[in-house]
Structures are given as C-alpha cells and as structure tokens.
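*Asks:* Quick one: structure below, then a few questions.
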Amino acid sequence: MKNKNILEFLKKRGYIYQGSNFDLIEKELIKGTSFYIGFDPTADSLHVGHFLTMMAVKHLQKAGNNPVIVVGGGTGSVGDPSGRSEIRKILDRKTIDYNCECLKKQMSKFISFEGKNKAVMVNNADWLLKINWIEFLREFGVCFSVNKMLAAEAFKVRFEQESGLSFLEFNYMLMQAYDFYYLNQNYNVNIQLGGSDQWSNILAGVDLIRRKSSKEAFALTLNLLTKHDGTKMGKTATGAIWLDKNKTSPYEFYQYWLNIDDQDVERFLLLLTELDDKTISDLCKEKGKKIVEAKKVLASELTKMIHGQEELDKAIEQSKAAFENASDNLPTYELKASDLNNDYSIANILVVTKLSPSKAESRRLITSNAVSVNETKITDVNTKLEDLKIDQTNFTLHKGKKNHIKVIINK
C-alpha cells in the first residue's frame, strides 16, 4: 500500500470520523510521516473496541508511516472523562505499571516494531511525572482557555450532571495536549489519531503546538466500533470481549463473532480484517446461508489474527463438539466445591462459571427456557444439582444455543 492514498482507503473502509484538514493530512500520509495514538492502562488487556484502532494503525504503518504508541502511565493516573457519566476509579501506581507492561506485550502482536518505519512505544509517565506543577502552569497554562475547555462535549455533559467534573479530570485535556506537544518536539509527530470522542482533546494539542512552536499539526479521529443500531460493540452480558485469552477464551471470542447481527457482518469485515473489498463484497452480497459463511470467515480471521491458527482450530473443534453435543471436546470449567459457598443451585453455578453475570440474570435465563444441564431443561429457578439424576461432579451446562461448557467440581 506504500505511496497509495491511505487516507482514501481508510475512508472507504469506514474508519475515518473527522479530520482537522483532510487535504494536508492526505499529503502528509502519502509522503510518510509520524503519528501517535494513545492508550490509557485502565485494564491489563485491550478489548475489541481497541482492535479497530490497532487495525487503522496497522494500515497506516503498511502505507509507510511511523506509529508512535503512547501507553498512558501518566494520564492513566488521572482518567479521561470523555464518554463517562461519572469519575473513573483511580488506579494505584503498581496496577498502572503492570497494565502498561501487559498492553505493550499485546500490541507487539499486531504492529511491527522492526524495519524502516518501525513502531515506537513510549510511556508518558516518563515525561509527565517529571513536570514541575508551577513551571507547567506558567509556561503552558496560559495557552488554554477555560471557556473553550468547558465548551468541549466531554466536559459540558459532566458539568451539567449532579456528579459534576473533578479538577483532577479537568486537567486531562492539558496533559493529553502536552503529550502531543512533547511528541512533536522529540519524535517529530505531527498527526494524532484517536477515537471520535477524543476530538476536543486532540484539537487542544494541535492548538498548543501552534502556539508554542508555530508548527502545523493535525487531528484525525476514527469511528467507534458500534453495532448497526449505534450501540457500543464489544460487550456481552458477562462483560467485555477482551483480546487476552485468559480473560476471554479463544472459543468465546470465536463464538462472539459467529453470533453478531447479519447487518454488521460486512462492516466488521471491512474494519477488522485485511480481506480485500471484492472478497468481502462477494461474501456479503447474499443473505441466508451465505451470510452464515461470511460470519464464519469473520470469526476465523479475527480469532487467527488475535490467538493464532492453533487456537482457531481448537475453537472450531469446540464449536462442532457443542453443536453435536459431544461434551468431551467442550471447553472445561473446573472449580472447587468451596467456590459455590454451599449454594448448589443451577442459578449460582451459572454465575460461578461466568455464563451469567448475576443470580437475577440466571433466574431470567431459566424462566425463558435458555438453560439445560446435560439433556435436562431447567425450568424451576430453585433447581439444585441434587435434584437432577446426574453425576454432580462432571456435567455439561448449556446456556442458549451457542454457550456450552463442561463443568467439573472437585470436592
């Protein structure tokens, strides 16, 4: 893709939301430039929503541009209020450092850190934690208008709510703007890439660079990963869909993509895979069985990309086993009897095995005839293991048509 119009490609595939000057951004990306994208270490793994961004970075790098990945060890101590209705939980230093290391390891699977336009990964704690507060206020505080900051959507929404906006969070925009300025000065970065909810923060950095160094820098934002109805992608009843196999197993990951809405398949193939446009169009031009095949291609491409061919093969075999009710090959959930706290109800077992987020949801699943143990449909919310004529230490638990696990209880 080198020397091609990568910006037009990204627009066509559905990545781009907004840009501060598309004509100049296009010229910069065609000739090859340095850009940065930031990730705050609020968890020890990326989730599906992050993967859209990682794919955009991957395309930009393949087109000859240099990615600078900023892990927010410093900004993560404050928390971004964008898209939040309440203050984020403040993480301690040890947790932030651990999360940063996990993210570094995970990103290296998708972005090249070798070669002519290799990616560089930096931690903004390396410069933010060294800042003298008084000196920062004197040199950079004068560059920011409180009026303009309060007009930003992220601040405006919080400011009008009862929970309000903490002074800690109010500083986030200044810190992110300073990141852009620092990277512009030290890494020659002149484009910041971010989600559509980061527009105000990125523009603050563009303005700071112009004020302090009279250089031109640019903002480029991406669409958030959403379903066709506009709701956020990457969440299930039991939580987020993580890229770390210890948080979301390859089997669960594979199943998640098999079960997406038909209307989302083509868009996700365009955004999350490297398949060419014609292949994707051919896969999605017909409905019915054809769209089911397209979902299998999507699930296979993403599972292989994230977890590798071996884990994909296992996920496919487990899916076949579940469909054929061959429990020997199902994913196994092993627990101790003590994990159940003397509550052997099916409702509680659903929660402990993470098939349900709560007993209330378990009861709802049972009353809607979505739960079975081995071949027995569970219809009473009070049903316990002892009520069933089964081996109470080794059985198959089913939720709906797609979620099946083998449960082993060690006494």
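Cβ atoms are placed via backbone N, Cα and C, with glycine included.
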*Asks:* Which is it, of 41-50, 311-320, 361-370, that Swiss-Prot names as motif ''HIGH' region'?
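*Replies:* Checked against Swiss-Prot: motif ''HIGH' region' maps to 41-50.
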*Asks:* Of 92-96, 232-236, 247-251, 397-401, which span is tagged motif ''KMSKS' region' by Swiss-Prot?
*Replies:* 232-236
*Asks:* Could you give the maximum C-alpha to C-alpha distance in Å for the residues Tyr36, Tyr172, Gln176 that bind L-tyrosine per the record?
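*Replies:* Roughly 17 Å, rounded to the nearest whole number.
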*Asks:* Is Tyr36 (L-tyrosine binding site) helix, strand or coil when read with DSSP?
*Replies:* strand
*Asks:* Let me know the model's mean pLDDT on the motif ''KMSKS' region' (232-236).
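*Replies:* A mean pLDDT of 66 is what the predicted model shows over the motif ''KMSKS' region' (232-236).
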*Asks:* Mind tallying the domain 'S4 RNA-binding' (344-409) by DSSP state, helix then strand then coil?
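*Replies:* Reading the DSSP string over the domain 'S4 RNA-binding' (344-409) gives 19 helix, 20 strand, 27 coil.
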*Asks:* With helix taken as DSSP H, G or I, strand as E or B and everything else coil, how many residues of the motif ''HIGH' region' (41-50) land in each class?
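*Replies:* Taking the motif ''HIGH' region' (41-50) as a whole: 3 helix, 1 strand, 6 coil.
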*Asks:* Please give me the CB contact count at 10 A for Gln176 (L-tyrosine binding site), counting all chains in the structure.
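*Replies:* That number is 29.
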*Asks:* What three-state class does DSSP give Tyr172 (L-tyrosine binding site)?
*Replies:* helix
